[in-house]
Amino acid sequence: MTIVLTPYWSNGVQKLKVAPQPPPRPAHGLTPPALDDSIHVVRSLRQLRSKDKNIEKYIFLSQLKATEPNVFYKLCLEHMSEITPLIYTPTVGDACIQFSHIYRRPEGLYVSINDKGRIGKVLRNWPKIDEARIAVVTDGSRILGLGDLGVNGMPISIGKLSLYIAGAGIRPNSTVPICIDLGTNNKEFLKDPLYLGNRHERVPQDQATAFMEEFMYEMSQVFPHLLIQFEDFSTDKAFEYLSSFRHKYPVFNDDIQGTGAVVLSGFLNAAKLSSAASGRPLSDHKILFLGAGSAGVGVAMQLMSFFTMQGLSEEEARRSIYLVDSQGLIFDARGPMAEHKRVFSRHDYQGPPMTNLVDILNYVKPTALLGLSTIKGAFNKDVIETMSALNPRPIIFPLSNPVRLSECEFSEAVEWSGGRAIFASGSPFQEQPYNGRTLYPGQGNNMYIFPGLGLGAIVARASAVTDGMVVAASLGLANSLTQEEKDLDMVYPRVERIREISADIARSVIRAAQKDGVDRSQDLRIMDDSTLTQFVKSKMWNP
Ligand SMILES: NC(=O)C1=CN([C@@H]2O[C@H](COP(=O)(O)OP(=O)(O)OC[C@H]3O[C@@H](n4cnc5c(N)ncnc54)[C@H](O)[C@@H]3O)[C@@H](O)[C@H]2O)C=CC1
Ligand SMILES: CC(=O)C(=O)O
Ligand SMILES: [Mg+2]
C-alpha cells in the first residue's frame, strides 16, 4: 500500500512507502556508554542555545522531535517559556512562510482537492488510525496574521499539536496534524519552484464546501474517536464550517472559540484590576475591538457572557461592545456588511463614517481596547495616551500574531500609559522594569485553552463541543491564578504551570459536557471533583 503522507509535488512523484516513525532505540553498543535521556536534555538545550536564528532553532527542535521525542518533550516541559515561542508563535509564522524551503521530512497528513471522491482512502493511509484522538486541520487560508500560505500552513497544525502533547499530556501517537490543499492565492508561492502544494489558485467556494462535506464525513468514518480542531481558515470559511459541522461532529474552531475563551478569561481578571482603580462597576465596562474577522467577532461573541455574568441582558451586553474594521466603526447606516459583523453593528450611531481610531475612542470612551486587526503599530502613542486619559488603568490587549503584527509592543504600552496599562498580547513579550517594579505582560493566546479543552473533550469522549464547554474552559483558566500571580497584577497564569492548568480546565470541561449531556464516558459522572482531577492527570502522557 502506498502511504501519502508527504506533500505531493505537482508532478506527483513524491510518495512514501512507509509511515514516519521515530527510529527505534539503537541496540546495545550502538550508542555511547554514557548516553542518558536527562543529560541529553541538557546537551540538546546547549545545542539549541548555540544557534543564532530562531528559524534554525525551529529546525533543530523539529529534528529532535522526530529522532528523540522524549528528549524533545522533556525540553518543552522543563523550559516551557523558552521553547514555546520557538515551536509556536512567533517562530512558527516564519516556519510557515519558509516551509517549502526548510522542509526536511514528512510529518502529518495532506489531503488535496485532487483527492475528492476518495478522501476516505487517503485518510486510511494514516498509520495510527486506532490511536487517533485529536486532529488539527487547516486549509492554510489565513495563517496567523500572515494571510494565505496554502500548504505551507502545515507547521501551524504541527505546532498546535506539540502544545497539546506538552501542555496537556495528549499522547503523541494520538495526534494527527492535517493540511488540506485547495490551492493558494499566494502569488509568490505559485511562482516558487520549491512550493510544496498544488500550483493553482484556490478552487471556487462551492467546490471547497463540497470537499469539506466529504472530508468531514470521511473523518468521522475513518477516525470514530477523533476530536477536530479547525485552525486558521479565513474568516468567511471559519464561520461557515463551524456552523455547518459543529452539530454533526465533535469539532471546534480555535480562532473563534478558543480565542474567545482565552480572552474572556484574561478580561475577567483585567476588568477586576481596572474597576478596582476606577471604582466603576464591572457591568460598566465598554470594549472596543480593532479587527472584526473570525478572531475579533469570535472574541466579541464570547465577551458578551462577561456582561451577562454581571446581570446585563443580551441586548445590553451587545451594546457594551463596539467593532472597528478596515472601514472604521461598524454601524448600520454604513451599508451592506458581512453577516458575522452584523450582530455588533451599532444601531445608535447615525453620523458620518468614523475611521480615525482616536476619534472613535473619544466617541465611545471604552475601558478596554482589543486588537485583532493584523495591523502593526495601530495602537500608537496617541491611541494609548487617549486610552490612558480615559481610564486610570486602561485594558490594552494587542492580540494579533505573530509578534511583528502586534498592534503595539509591551514596552510601548508601559511607557505611553505611565505603567498603568493592563496588558495582554497574542505573542510573547519580555517583562519590563518600570519605576523600580517589574511589570508582567499577559499572553492572551488560545494556547492556554485548547490543550485543556481538547483533553477534557477526549477524556469525556464528548460527542460535540458545546458553548458550555468553551465557557467552562475559560472560567477554569480565569480561576487558575495563584495569589502570587494576582499580587503581580497578572491576568494569565505563568505558562510553566500549563499542565496543572490544563488538568483543571479539562475537569471543568468534562463537568460542562456532562451538564450538556454530550459525554459518552458516563462513568465519570459519579466522581467527585478531586477524584476527577486525579483521573484526568492519570491520563496525561509524560515523556
Ligand atoms: N491571540 C490569539 O490567540 C489569536 C490571535 N489571532 C490573530 O488575530 C488576527 C486576525 O485574525 P482573523 O480575525 O482571523 O483575520 P481577518 O483577516 O479575518 O480579520 C482582520 C480584521 O482586521 C480588520 N482590519 C484590517 N485592517 C484594518 C485597519 N487598518 N484598521 C482596522 N481594522 C482593520 C479587517 O477589516 C478584519 O475585520 C491575526 O493576526 C491572528 O493571528 C487569531 C486567533 C487567535
Ligand atoms: C493563535 C492563533 O490561533 C492565531 O493567531 O491564529
Ligand atoms: Mg489560529
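We count from 1, first residue shown onward.
In case you wondered, yes, glycine gets a Cβ from its N, Cα and C as well.
Whatever TrEMBL says is automated annotation, not expert-curated.
As the structure is a computational prediction, the values presented were derived from the model and not from experiment.
What TrEMBL annotates here:
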type	residues	note
DOMAIN	65-246	domain 'Malic enzyme N-terminal'
ACT_SITE	TYR88	active site, proton donor
BINDING	ARG142, ASN401, ASN445	(S)-malate binding site
ACT_SITE	LYS160	active site, proton acceptor
BINDING	GLU231, ASP232, ASP255	divalent metal cation binding site
DOMAIN	256-514	domain 'Malic enzyme NAD-binding'
Seminar exercise, completed: Ordered by sequence, the long-range same-chain Cβ contacts of the residue listed as 'active site, proton acceptor' under 8 Å (at least 6 apart) are TYR88, VAL136, PRO177, GLN229, GLU231, ASP254, MET447, PHE450
Problem set entry | Listed recorded positions adjacent to ligand 1, that is, members of TYR88, LYS160, GLU231, ASP232 whose C-beta is under 6 A away | none
Seminar exercise, completed: Candidates LYS160, GLU231, ASP232, ASP255, ASN401, ASN445 (recorded positions) with CB under 6 Å from ligand 3, in sequence order, are GLU231, ASP232, ASP255
Problem set entry | recorded positions near ligand 2 among TYR88, ARG142, ASP232, ASN401, ASN445 (Cβ under 6 Å) | ASP232, ASN401, ASN445
Exercise. Taking the Cβ of ASN445 ((S)-malate binding site) as centre, how many other Cβ atoms lie within 10 Å?
Worked result: 26
Exercise. Between ASN401 ((S)-malate binding site) and ASP255 (divalent metal cation binding site), how far is it from one CA atom to the other, in Å?
Worked result: 12
Exercise. What is the total of other Cβ atoms whose distance to the Cβ of ARG142 ((S)-malate binding site) is within 10 Å?
Worked result: 25
Exercise. Quick one: largest C-alpha distance among ARG142, ASN401, ASN445, binding (S)-malate per the record, in angstrom?
Worked result: 16
For this session: Quick one: among the binding-site residues GLU231, ASP232, ASP255, which has the most Cβ atoms sitting within 10 Å of its own Cβ?
Result: GLU231
Exercise. If one measures from the C-alpha of ASP232 (divalent metal cation binding site) to the C-alpha of ARG142 ((S)-malate binding site), what distance in angstrom results, rounded to a whole number?
Worked result: 5
